[in-house]
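**Q** Structure incoming, see below.
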Amino acid sequence: MTTPPPVLVVDFGAQYAQLIARRVREANVYSELVPHSTPVEKMLARKPAAIILSGGPSSVYADGAPQVDPALFDAGVPVFGICYGFQAMARALGGEVAHTGLREFGGTPLNIADEPGVLLRDLPADQSVWMSHGDSVSTAPPGFTVTAASPGARVAAFENTEKRLAGVQFHPEVAHTPYGQEILRRFLTGIAGVEPTWTNEEIIEEQVRAIREQVGDKQVICGLSGGVDSAVAAALVHKAVGDQLTCVFVDHGLLRAGEAEQVEKDYVAATGIKLKVVDAADRFLDALAGVTDPEQKRKIVGREFIRVFEQAAREVAAENDVEFLVQGTLYPDVVESGGGSGTANIKSHHNVGGLPEDLTFKLVEPLRTLFKDEVRAIGAALGLPDEIVWRHPFPGPGLSIRIIGEVTRDRLEVLRVADKIAREELTASGLDRRIWQFPVVLLADVRSVGVQGDGRTYGHPVVLRPVESDDAMTADWSRLPFDLLARISTRITNEVPEVNRVVLDVTSKPPGTIEWE
Ligand SMILES: Nc1ncnc2c1ncn2[C@@H]1O[C@H](COP(=O)(O)OP(=O)(O)OP(=O)(O)O)[C@@H](O)[C@H]1O
Ligand SMILES: O=c1[nH]c(=O)c2[nH+]cn([C@@H]3O[C@H](COP(=O)(O)O)[C@@H](O)[C@H]3O)c2[nH]1
Ligand SMILES: NC(=O)CC[C@H](N)C(=O)O
Ligand SMILES: [Mg+2]
């Protein structure tokens, strides 16, 4: 996608690098992450509007610690350092960083100096900021004004507005720094002089233009799942090229109860987009037979999806091959598949890491750099109905990655009934909006002893995994009311004969992921 000059967030291995990019976009400025190994010339070639150096686990003076190339500061590009980035910046510009023995973690009072600079002017004198550091800048580089201190950091913020360079020891990107977003915004607009024009309307206009340019007068198909990401991607492409778009919904036999019917009925009614429904359950289930490894399942699903799309493409435009496949891929799908800035492969999302090597489609992925809540906002701006915009995410590989063990028709049926009960009860309790997602997982290879109707049972456990999240990158288990959990448990064990135990997953992400595979 063509985008305005980015604010590049240089990732030094921070916990919060993703969050920084997001916060910049929340300040209506386009932003992307890059790994710290990116050479400065390569960053400058992107003509960045500004560069932000993230935090990171290393000590700047340790052997092998990632450094900042001082050439970065001679290029005239505005730079903002955060925590490790602040320390690395201080060191590169001739200041000093030391292990003072004073460490700060968590909420910390900030003492704003008499000369508060652009970043801190007129902010409350007694505000709290979120710290997480063991090293500190002991001397600011020449030419910089020190604008704040904290009990453990003599230099907690500095700036040189003439050179458009600034930095802070604390984390402005986290919600626990109440004025953090304001400070970040002041750097962007007040010091860097970036125009805050990256609004939903701009994104939509820019995307529509880019899609028209990419697709021309060719036919396009879009994998449509009923979820919000593909719905928004389809709506953007439809706005760009109208009837050249045909959506393809694949019923791979791994869907939840009622899902296929709902997509067929509601989606067309809501959007008027051409929809082709393909029943491909046999081919997916045959391909998955005997497979228990999560990554293998994901790769099989990714491959079969593409084979089905290829067949559908031939049917959509027999005489004129369809070159383009639209997918609702989001940034977290890319990052978790190991396609981010030097990030590890956590799991291969079917639409990214699970794609087959012989893929011939050109991909159209207008949401590839965004997070889900950003996508929801665009969906709302495009006029999609609330039921689509606020639908809980459901993974493309569907129930195949919620059956721990081999995927069979019988097991799918068991899980479908249990899942339907959990969803019905959640909706009845009015808590749908509080919950990000509510996977129900069948431990198909585990059995436990129970007693039902005075008889012994030896059935399977089902795991409830309700989570709350903003963007699926981190999540916490949802504290659902006990009586709701009790109703779900009772109904599942009463109504699903194969299940005699219901357990609750109380793991946050990290260390767990949302899905079990
Ligand atoms: N059953 C399906 N039929 C066709 N395409 C699908 C199907 N499931 C997933 N896809 C494709 O894979 C992409 C990624 O799936 P993913 O579940 O991440 O997104 P989504 O379903 O659009 O939204 P959500 O994350 O809210 O469920 C989708 O955007 C869509 O292009
Ligand atoms: O379309 C998808 N294809 C996939 O292969 C896939 N794997 C996980 N997910 C969804 O991504 C989010 C993060 O999931 P995890 O915490 O399990 O990694 C959660 O919302 C998951 O439901 C997927 N979506
Ligand atoms: N969160 C960070 O960036 C920490 C920076 C450095 N590792 C320190 O402890 O001071
Ligand atoms: Mg989905």
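Using N, Cα and C of the backbone, Cβ positions are placed for all residues, glycine too.
Heads up, TrEMBL stuff is auto-annotated, nobody curated it.
As listed in TrEMBL for this protein:
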ACT_SITE  Cys83  active site, nucleophile
ACT_SITE  His171  active site
ACT_SITE  Glu173  active site
DOMAIN    198-391  domain 'GMPS ATP-PPase'
BINDING   Ser225, Gly226, Gly227, Val228, Asp229, Ser230, Ala231  ATP binding site
**Q** Looking at the recorded positions Cys83, Val228, Asp229, Ser230, Ala231, whose Cα is closest in space to that of His171 (active site)?
**A** Cys83
**Q** With a radius of 8 angstroms around the mean position of the C-beta atoms of Ser225, Gly226, Gly227, Val228, Asp229, Ser230, Ala231, what other residues of the same chain does the ATP site pick up?
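**A** Going along the sequence, the neighbours come out as Leu224, Val232, Ala233, Gly328, Ile388, Arg391.
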**Q** Do any of the recorded positions Cys83, Ser225, Val228, Ala231 touch ligand 3, in the sense that the CB is under 6 Å from one of its atoms?
**A** Cys83
**Q** For the recorded positions Cys83, Glu173, Ser225, Gly227, which sit with their CB under 6 angstroms from an atom of ligand 4?
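**A** Ser225, Gly227, in sequence order.
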**Q** May I ask for the distance between Ser230 (ATP binding site) and the residue listed as 'active site, nucleophile', taken between their Cα atoms and rounded to an integer number of Å?
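**A** Between the alpha carbons of Ser230 (ATP binding site) and the residue listed as 'active site, nucleophile' there are 37 Å.
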**Q** According to DSSP, does Gly226 (ATP binding site) sit in a helix, a strand, or coil?
**A** coil
**Q** Taking the Cβ of Glu173 (active site) as the reference point, list residues of the same chain whose Cβ is under 8 angstroms away and which are at least six residues distant in sequence.
**A** Tyr16, Leu19, Ile20, Arg23, Ile82, Gly180, Leu184
**Q** Do any of the recorded positions Cys83, His171, Glu173, Ser230 touch ligand 1, in the sense that the CB is under 6 Å from one of its atoms?
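**A** The recorded positions passing the 6 Å Cβ test are Ser230.
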**Q** As a test of reading the model: what is the averaged pLDDT for the domain 'GMPS ATP-PPase' (198-391)?
**A** 91
**Q** Relative to the Cβ of Ala231 (ATP binding site), which residues of the same chain, six or more apart in sequence, are found under 8 Å away?
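**A** Correct list: Leu224, Tyr267, Thr271, Gly328, Gly379, Leu384, Ile388.
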**Q** Return only the integer: C-alpha distance in Å from Ser225 (ATP binding site) to Cys83 (active site, nucleophile).
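**A** Rounded to the nearest whole number, the Cα-Cα distance is 41 Å.
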**Q** State the Cα to Cα distance, in Å, between Val228 (ATP binding site) and Cys83 (active site, nucleophile), rounded to an integer.
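**A** Between the alpha carbons of Val228 (ATP binding site) and Cys83 (active site, nucleophile) there are 36 Å.
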**Q** What is the Cβ neighbour count of Asp229 (ATP binding site) at a 10 Å cut-off, with all protein chains included?
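**A** There are 24 such Cβ atoms around Asp229 (ATP binding site).
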